[in-house]
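What follows is a single structure, written as structure tokens, with notes after it.
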Amino acid sequence: MDPTKAPDFKPPQPNEELQPPPDPTHTIPKSGPIVPYVLADYNSSIDAPFNLDIYKTLSSRKKNANSSNRMDHIPLNTSDFQPLSRDVSSEEESEGQSNGIDATLQDVTMTGNLGVLKSQIADLEEVPHTIVRQARTIEDYEFPVHRLTKKLQDPEKLPLIIVACGSFSPITYLHLRMFEMALDDINEQTRFEVVGGYFSPVSDNYQKRGLAPAYHRVRMCELACERTSSWLMVDAWESLQSSYTRTAKVLDHFNHEINIKRGGIMTVDGEKMGVKIMLLAGGDLIESMGEPHVWADSDLHHILGNYGCLIVERTGSDVRSFLLSHDIMYEHRRNILIIKQLIYNDISSTKVRLFIRRGMSVQYLLPNSVIRYIQEYNLYINQSEPVKQVLDSKE
């Protein structure tokens, strides 16, 4: 989130140590970059002389590996799909239940001709059972794990969790679609397996006009996730903080809950593995990272270097050119995955609030459950926002 919205914001100074400081890097799993390296990234010259004996040995190993893994038939497309998550009620679910072959095959069942798994869809009307509502006080807070995959499905992949920070006032279909677009690109382009996704709404200390109270925004996010997804969750920790929380510290919170307290995710071999945590954001956020005196360099290095960023391009934006021109972002470019929108969707929460104030329809811009919640509590009706914020906002 934009640090300038913090009530006590001061432009960061060079070499300034922010408080509280980011977590030590040794507490964050070293899963490597999200984008695979290419030849140009290696130190050795491409056309340097090579040892013929070593080349023959490597070629022999590759040939043996290929022959041992040869398949007698081409698998159907449906067999390539693996369930992302199952909705379980506790972390103590037995290994037999969580890893049964029959249960896995049921989850893989396709829905019509769509490339959507049953495990990705929650019932559109009934709120799933065993959902723990997020607390309204920090004393009652519990980290949500009810949809966190307990065990990796693919032994060749590494676990990854997606986190989206934002105001979500209100949450829209674009916010939900961003997770699905990121999921597609990660599955297709990387060596990671997504084991969960989280919305993290900002606290009431975020100084932006048009924000509904934090507990309303958290509840709307919960309704959107509960009724449309079975792998997305809402974490209220950031919204319950008494002061503005820097994005770097929010990612540290997820690392603490998942990797330090829980030891990561179980692998196919039964061992625990650290989970890579990545920030999901729109192109407008990455552009704000390039503005001088907005983000501290230490936070940018921490977010982009130790965690990583998934950037969904907006209409008309050119994130790649922007990365090329910014020193810190270019340094960590291998840990930034740019997600191209194949069907452009620029639904804006700011414009949704404007429509509500004007008595216009917001049907098909938000989940029905969120629309009903807004109507029930009369949210956004009597609010006003600066004209410039309405015209310029991409959030």
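Using the three backbone atoms N, Cα and C, a Cβ is placed for every residue, glycine included.
Record note: Swiss-Prot gives Ser167, Phe168, Thr247, Gly282, Asp284, Trp295, Asn345 as NAD(+)-binding, and the candidate from Arg147, Arg191, Arg227, Arg314 in that site is Arg314. Here Swiss-Prot has His175, Thr350, Lys351, Val352, Arg353 binding ATP, and the candidate from Arg133, Arg136, Arg209, Arg219 in that same listed site is Arg209. Just one residue in Ser85, Ser243, Ser288 has phosphoserine written against it in Swiss-Prot, and it is Ser85. Within the set Ser90, Ser94, Swiss-Prot records phosphoserine at Ser90. Residue-level annotations in Swiss-Prot identify, among Ser67, Ser89, Ser317, Ser89 as phosphoserine. Ranked by Cα separation from Asn345 (NAD(+) binding site), the binding-site residues His175, Arg209, Lys351, Val352 are led by His175. Neighbours of Phe168 (NAD(+) binding site) among the binding-site residues His175, Arg209, Lys351, Val352, Arg353, defined as a Cα within 10 Å of its Cα, are His175. When the binding-site residues His175, Arg209, Arg314, Lys351 are compared by the number of other C-beta atoms lying within 10 angstroms of their own C-beta, Arg209 comes out lowest. Recorded residues Thr350 (ATP binding site) and Ser167 (NAD(+) binding site) have their alpha carbons 11 Å apart, per Cα-Cα distance. Separation of the C-alpha atoms of Thr247 (NAD(+) binding site) and Arg209 (ATP binding site): 20 Å, rounded to the nearest whole number.
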